[in-house]
Amino acid sequence: MQVIVISGLSGSGKSIALTVLEDNGYYCVDNLPANLLLEVTVYLKQSGHERVAVSIDARSRETLHLLPQRLADLRRQKMDIHLLFLDTKTDTLLKRFSETRRRHPLSDNQSTLPECIEMEREMLREIHDLANRIDTSDLSASSLRAWIRDFIGLEPGRLTLLFQSFGFKHGIPLDSDMVFDVRCLPNPHYEALLRPLTGKDGAVIEYMDANSSVNRMFEDIRRFVDDWLPCFIRDNRNYLTVAIGCTGGRHRSVYFVERLARYFTENNQVLVRHRELNA
């Protein structure tokens, strides 16, 4: 039986994620108290459900501290467990709450919205540290739906490498495990014919391939990830997010992510995300 537990900050997209899972055949339970996770999951298994998704977050704050133990209990039952945490930058959450005019679940007469967000972030800290994380700050609803569909299509029990390109001027992705800076390399942006293209286009690829510094940095990053990947696998990680950043996130970082993905796909499960191209 596969169980996906979705957690994260209010406004981060948990409802969208749960809807995608329901549309793909998962039996979904929203706002489940953590202390009921084992009992509900066992009951659903006995009822014939093989794929279940539950949302557990700060709305059930009285029992959140029990979640790590309940996940361990499920693993002892030989269930395939995935904990997914949706993270989002505070300024993005402020904008989303302003647009929807919804109340934060921790709001009261004494706390401002930014204070509620930080309280929730701290409340979920342990879950955040245990989970596979995705930064939804710059993801549209359609991009998040696509990411969730990719996530559930992965082979269970294997570590997945997520290579992500980004632009430093838009901030480092919150879900990064490794971050590499390629801003020191020649920038296709300053070539008039290459500027409107991306790192996926043949002309940009030829430009980058022809530079010895580019190839040397690629080999250094490839070797570093290759050398340390077994350590993350032994640590029972389900996900390893490798983020590659350049200035704008459209040329150099995209080129590196595509090239690294091609190399590692041969022996690993690989996902690719280009944050600025999908924004």
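Cβ atoms are placed via backbone N, Cα and C, with glycine included.
Feature annotations, reproduced from Swiss-Prot:
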type	residues	note
BINDING	G8, L9, S10, G11, S12, G13, K14, S15	ATP binding site
BINDING	D57, A58, R59, S60	GTP binding site
_Listed binding-site residues (K14, R59), ranked by Cβ neighbours within 10 Å, top entry_ = K14
*Hey, for the GTP site built from D57, A58, R59, S60, who else sits with CB inside 8 A of the CB center?*
N31, I56, R61, L64, P105
*Would you list the other residues of this chain near ATP - those whose C-beta lies within 8 angstroms of the C-beta centroid of G8, L9, S10, G11, S12, G13, K14, S15 - in sequence order?*
D57, L86, T88, T136
_Taking the Cβ of each of the binding-site residues and counting other Cβ atoms inside 10 Å, which one has the highest number: L9, A58?_
L9
*Which whole-number value in Å describes the distance between the Cα atoms of G13 (ATP binding site) and A58 (GTP binding site)?*
14
*Which one of these binding-site residues has the most other Cβ atoms within 10 Å of its own Cβ: S10, S15?*
S10
_I'd like to know which of these binding-site residues, G8, G11, is least surrounded, judged by other CB atoms within 10 A._
G11
